[in-house]
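Copied over from Swiss-Prot:
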- 1346-1356: compositional bias 'Low complexity' (COMPBIAS)
- 627-788: domain 'SSD' (DOMAIN)
- N235: N-linked glycosylation site (CARBOHYD)
- N310: N-linked glycosylation site (CARBOHYD)
- N454: N-linked glycosylation site (CARBOHYD)
- N591: N-linked glycosylation site (CARBOHYD)
- 1302-1367: region 'Disordered' (REGION)
- 1-97: topological domain 'Cytoplasmic' (TOPO_DOM)
- 119-625: topological domain 'Extracellular' (TOPO_DOM)
- 647-659: topological domain 'Cytoplasmic' (TOPO_DOM)
- 681-694: topological domain 'Extracellular' (TOPO_DOM)
- 759-767: topological domain 'Extracellular' (TOPO_DOM)
- 789-863: topological domain 'Cytoplasmic' (TOPO_DOM)
- 885-1143: topological domain 'Extracellular' (TOPO_DOM)
- 1165-1171: topological domain 'Cytoplasmic' (TOPO_DOM)
- 1193-1199: topological domain 'Extracellular' (TOPO_DOM)
- 1221-1237: topological domain 'Cytoplasmic' (TOPO_DOM)
- 1259-1273: topological domain 'Extracellular' (TOPO_DOM)
- 1295-1367: topological domain 'Cytoplasmic' (TOPO_DOM)
- 98-118: transmembrane segment (TRANSMEM)
- 626-646: transmembrane segment (TRANSMEM)
- 660-680: transmembrane segment (TRANSMEM)
- 695-715: transmembrane segment (TRANSMEM)
- 738-758: transmembrane segment (TRANSMEM)
- 768-788: transmembrane segment (TRANSMEM)
- 864-884: transmembrane segment (TRANSMEM)
- 1144-1164: transmembrane segment (TRANSMEM)
- 1172-1192: transmembrane segment (TRANSMEM)
- 1200-1220: transmembrane segment (TRANSMEM)
- 1238-1258: transmembrane segment (TRANSMEM)
- 1274-1294: transmembrane segment (TRANSMEM)
Amino acid sequence: MSFPDEETDLLSEAKHCIRNVIHRTHRKFLENRLIGNFDSEDFSDAWKKKFAHAPTWCDADMSLQQIKRGKAVGNTVALTARAFFQLWLFRIGCFVQRWAWSTIFISLFLYCLCLGGLRHVTIETDLVKLWVSEGGRLNEEMGYLGQVKFERESGHLVHKVKRAVEQTTEPPAPAVKAEVRRGPELPKENGLGGGFQVVIQTPSFDGQNILSKEALQQHTKLMEEISTYEVKMFNETWTLSDICFKPPGPSFNSGPLAGIMSKLLDKIIPCIWITPIDCYWDGAKPLGPNPPLNLGPEVASFVSSLPPGNVTWKNLNPTSVIKEVGTLFDLGPIGNFFERAGIDGAYLDRPCIDPLEEECPKSAPNYFDRCHALTKFNEWNMAKAMSEQVTLERKIIPKDDGKSDIAETILNDIFGKKRRKRQADTTTKKPATKKDEDYYEYEDDADYLAGIANSTIAKKNPEKEAKDLLCLEYGSSLLKWMQENPERLGEFLTKEEMPDYPNYGDVMTGGCKGFGKKIMEWPEDLIIGGIQRDNGKLVSAEALQSVFLVSGAYDVFARIKNDKTDSHPGLDRHHFQPWMAGEIISTWQRNFTKRLYSHELNRERRQFHPLASTSIADMLEEFSQFNYIIIVIGYILMVIYAAFTQGRFQGWWLAVQSNVALAICGVILVTISSICGLGFATHLGINFNAATTQVVPFLSLGLGIDDMFLLLHNYDEIINICNKNEIGVLLKETGMSVMLTSINNILAFISGYVLPIPALRSFCSQTAILLAFNLIFLMFIFPAMIGIDLRRQRKGKRDLAYCSRGNPQMATSQSVPSNVSNMSSRAELAGYEKQADEYKRHEPWYTVGGFLNKIYIPALKNNVVKACVLIGTTTAVVFGLYGMYTSTLGLELADVLPEHTPPAAFLRAREQYFSFYPMFAVLRGDKLDIPNQQQLIEEYRAQLGSSKFMIKAEGKLQPYWMSMLRVWLQSLDMALEKDLAAGKFDLTNGNPIKVNGEKPSPESMIAARLVCSFGTNYNCDGRLGKMKMVENEVINPEGFYNYLTGWFNVDNMMYYVSQASFYPTPPGWEYNEKLAKVVPAAEPLLYSQMPFYQNDLIDTPAIVKMIEEIRATCEEYSERGLSNHPSGIAFTFWEQYLTLRWNLFQAICIIALAVFCVISILMFNPWAATLIMCIVVITTIELGGFMGLMGIKMNPISAVTLICAVGIGVEFTAHVELAFLTALGTIDQRLESCLQHMFVPVYHGAISTFLGVVMLVFSEFDFVVTYFFYTMTLLVALGVFNGLCVLPVILTLVGPKPELTPTDGSSVLPPPPPLRQQYAEKSGGVEGGMRKRKEKRPAEVEMSARDSPSTSSASHSSDDESSPAHK
């Protein structure tokens, strides 16, 4: 009995059948859904011949059929994937061919929906927003203060105070009239204007020494002109004095002259100028005030130190005035302030640029005595004959007009109140005691003035008066004559009497000082450029730089809103808003730059280079607009080239086979596609910038047209070898290459997003979006247009002459339903028999095709040529590596502006002459404990100052807020110690005590109030006389924030000068003798800054080295608990260079990996992807090296070009590689096949890319020409050489094997027989197998089924033989 064996055999056969069913079901799904089952019966003999040489290129599905039939072996996984892509590309092509017009209209309608975004286009012109890295520490640091303000004001920030603060039951005394104070908006320097308005003066001719009388006078005159520039807005006239940054006047004690002095100082406190003319008395000229103050003789009569007539900084000695007024009235600690600030005689003790200047004061070191000179001149002149005598012009001396308006106001303020007080006082009693406020005891004002006059006026000397009058009348005329005739001065003056012109180099060595000599020190490198020295002294210079500061909008608003002098009567103060102040500032700045651009000294050669915060933004906005003329010219050139390459002539007009109309429409629709892409990008919130408007239109056109030429090239061939579903076949064969290059280009620009520069991210994003839109156009709209053109050609109509017929030489096209499937071939194409003849082009040797076939391909097959190519490539790579090694970092700020514009000229002058940059060290955060970290802060500042890039004035760093606070407190400690020794204070409560009728000094009274204040407590017992506010150079931590409040309010001018920029600002407070209350403690500081000046930052490597050094120090002290960061233009615009190389390496790795993965997925051949990557890497190295050798510096813009080179390089290699991979035959045959297939479209694509790029040469921006035109042109040249020359040579040596190899070893593979024949073969094979199975034993049947490949293959596909007829 054999039943167990039979059961086992049956069970095994059942399992085998189940496996076969599952396998067949799986294969059926793949073939039905993923593979097209294309039928060779549908194609012409010419197409079959093409298939025989490149089967997998033409039809991967038919290649799989041959593998199944055992006619070939190959990578079935790759071919299955290829067949899937080709099936869907074929279906897309068939669909757009059938519904061509509908596809075009619907696609264009959807595209046009994106145009709505163009209504909201924003061109970003803020260079800081364009350049500062997004998401990095720099971005966080720049936004820190704004974020802290927002959090604090919205209540989200809970500040952890490190010292115990107890809530007092009794609120402190109201400070300054219960006013909520806001800190000043200190000007921010970003190197591009900001609050710092800059003027650079350069020589009028080459070799001029600008340290000369004439040049310095020109600079002085310009400063005076700037101070008078005005604009009219809001019914008022505004000048620089209305908007400039000026410190507030110092505080005065309450008294009869306190308010008056405050008003006077508010009018006379000047704008802060940083200028080289501050070395001279002439520096006072632009300070004003304008118009001058005329206090009249009444005021001058009792303040003899005031100059008679008009009062300006040219004749004002503020220290003398304060001292004299201080003997009459109690002015508080103002004298102490003047001494610490070093105001002294202001400008009156400085030399005059020209001692013959009429207004040069007598106190000037080189004052010229015109009266003595006039006497000598008259003696000399009178000795001459009448005909030779010099006639001087007499000056009319005006009579005094009496009291001025301001004098009347002052006198009324002083005396009016007293008169009213006396009139109201009706008592006959004599006051028992005289109060301190009663400084006079005259019956009326005239008696008071007469008393002062009698005590100061001496007896008159008639002879001296006559001499002085003569000098007044003719002195000015004499000085003018002497200036015009310097060669004749020796005729009446001795050598000792000659005018004493200063040695300008000696005077300006070491820099200059403002009106506050101790607090306003302008380093030499800030104000003088192109310096030459001799023994440390300046001997010549080539440039002068002046800076004046403009306040923030809110400060100007507050100043005007609270102005009690009613200086702008036409302004509606009730409706005045901060934005209006901002408009005034920006309008004045634009007027300032406009006036200097057109200055008379800038006509022949630009000497004055201005820059305001609006300058660069305005210039970028103007030149960032689309240049439609250049764009139109560029697109016309592209149309002409496309039409030229696609034109075919027959007789007098274009032939039927010509594609000029397609080329023109393609260029136009690529343009429309790009415009719609920009609209879509705007919908996504991507702003435009100069790179967008100047580069993207041309770059997207050049890259978008490449694949259009590939489609047109294959279209010429397809219509001559196919008569059915031509567009489907076109996309099936060409669509893979189009997708391969387009996707890699898109990925390349997406990878550029790794660079954190906003402008470059916008550029890369917009370009990627435009390329994606172009890809959709190439896959849908353009094939539909080709389908329409195909109908023309089938009808025999000439190109661009549809009423004229030509010789079509082709059969009429037929089409299949759009739902072509794997089952459609035989039934739907039954009856189709007509085949097209094989098509060959006529290509003379001078055409691209003729050169290729007759010269180029034979040359590449020569081993000597191959060796030369490889040696040349190796050499280029070596030079490339050397060039990359020697390349330097850098992008000059002037390069990002149009070359011929004034802002660019300013930046070039600055780069040439001034390597000076300001910076701030910022202390920040709620974890700071400044009172107890004073020593750490000093160490931090000292270590920063030890950098070789830091400027030290006379070996010392720039003073900062804590050092100024410490000096102020030390001066108060000294005053308090002196008055305590004199017994002028009650030690228990701090109240002042008169000793011999004298009260304590104002400084000591403020000091006593501060010593008794600590936190929220006020207690003098045990503190007065026993402790100081500053001990061993350390401020007492217990009362630190109380002292800070006192300094901020009493010494507020010093606060402004310190540029501390406190946040939160201390509360308001003023000294009140009658209210002994605590000085309110300031809140712990969340933000403060200390200024530094840096020099020798001549280029990007030096700046990067400085940043690394400063950053290292900042990070060290942050780790030690002192949260801080640096700030300034150098950090703003060069910070990204610290990570540029890493970001570039990262981006190139990302795009390289992406390209490798895309090629590997689409080709399913890692070795082919590796070879492409090798060529792309070679191209990138060569490009980077040549950029270095050409002097193109490495920066974020050139980094984008290198990143994109990886993706764009695929454009020139992927086509050739794919054609080589799909070709059959020997190495040389495959080389010839791939070049014949791809050389012409790649060449035309390169030319079209170059035509798109070449229009960049007309850009106004240097960086566009340098970093896009030069590099992109070089990239195209390298890409063509490496793609069409180096890659083919490498492929002949180490190229991948063909995807398919005929089993018979031949170099051709004919297409498979028609599907109906294959079905018949399979059916016959199955029936024969079944008959044999019945004759065999079960074991033999099982063995036969497993061992026979052909039988197995036939049986596996037996279920697939359900032909449409069966169904």
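Numbering starts at 1 and runs along the chain as displayed.
Here the Cβ of each residue, glycine as well, is placed from N, Cα and C on the backbone.
Location within the structure of each feature annotated in Swiss-Prot.
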residue	record	CB count, 10 Å
N235	N-linked glycosylation site	10
N310	N-linked glycosylation site	14
N591	N-linked glycosylation site	15
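Same-chain residues lying 6 or more positions outside the transmembrane segment (660-680) and placing a CB less than 8 Å from one of its CB atoms are 108, 111-112, 114-118, 121, 635, 638-639, 642-643, 645-647, 654, 688, 692, 696-697, 700-701, 704-705, 708, 712, 715, 766, 769-770, 772-774, 776-777, 781-782, 785-786, 789, 799-800. In terms of C-beta pairs under 8 Å, the stretch of 695-715, 768-788, 1200-1220, 1274-1294 lying closest in packing to the transmembrane segment (864-884) is 1274-1294. A Cβ distance under 8 Å defines the sequence-distant neighbours of the transmembrane segment (1238-1258), meaning residues of its chain 6+ beyond its ends; these are 627, 630-631, 633-634, 637-638, 641-642, 645, 694-695, 698-703, 705-707, 709-710, 713-714, 848-849, 852, 856, 1208, 1211-1212, 1215-1216, 1219, 1264-1265, 1268-1269, 1272-1273, 1276, 1279-1280, 1283-1284. Between the transmembrane segment (738-758) and the transmembrane segment (1200-1220), the number of CB pairs under 8 angstroms, six or more residues apart, is three or more, so the stretches are in contact. Here the transmembrane segment (1144-1164) sits apart from the transmembrane segment (1274-1294); fewer than 3 CB pairs are under 8 Å, leaving out pairs fewer than 6 apart in sequence. A contact between the transmembrane segment (1172-1192) and the transmembrane segment (1274-1294) is present, since 3 or more of their C-beta pairs, 6 or more residues apart, lie under 8 Å. Sorting each residue of the topological domain 'Cytoplasmic' (647-659) by its DSSP state yields 0 helix, 4 strand, 9 coil. It is 768-788 that, among the stretches 695-715, 768-788, 1200-1220, forms the most Cβ pairs under 8 Å with the transmembrane segment (98-118). Sequence-distant contacts of the transmembrane segment (1200-1220) (same chain, at least 6 residues past either end, Cβ-Cβ under 8 Å): 54, 57, 703, 706, 710, 736-737, 740-741, 744-749, 751-752, 754-755, 760, 763-764, 1144, 1147-1148, 1151-1152, 1155, 1159, 1163, 1168, 1171-1172, 1175-1177, 1179-1180, 1183-1184, 1187, 1230-1231, 1233-1235, 1237-1238, 1241-1242, 1245-1246, 1249, 1267-1268, 1271-1272, 1275, 1279-1280, 1282-1284, 1287-1288, 1291, 1295-1296. Sorting the topological domain 'Cytoplasmic' (1165-1171) by DSSP state (H, G, I as helix; E, B as strand; all else coil) yields 6 helix, 0 strand, 1 coil. Taking H, G and I as helix, E and B as strand and the rest as coil, DSSP gives the topological domain 'Extracellular' (759-767) the counts 9 helix, 0 strand, 0 coil. Here the topological domain 'Extracellular' (1259-1273) has long-range neighbours at 623, 627, 630, 690-691, 694-695, 699, 891, 894-901, 904, 1183, 1187, 1190, 1192, 1195, 1197-1198, 1201, 1249-1250, 1253, meaning same-chain residues at least 6 beyond its ends whose C-beta is under 8 angstroms from one of its own. Across the structure, N310 (N-linked glycosylation site) and N235 (N-linked glycosylation site) are spaced 28 Å apart at their Cα atoms.
Within its own chain, the topological domain 'Extracellular' (1193-1199) has Cβ neighbours under 8 Å at 691, 755, 757, 760, 887-891, 1100, 1136-1137, 1140-1141, 1143-1144, 1147, 1187, 1263, 1267-1268, 1271, counting only residues six or more beyond its boundaries.
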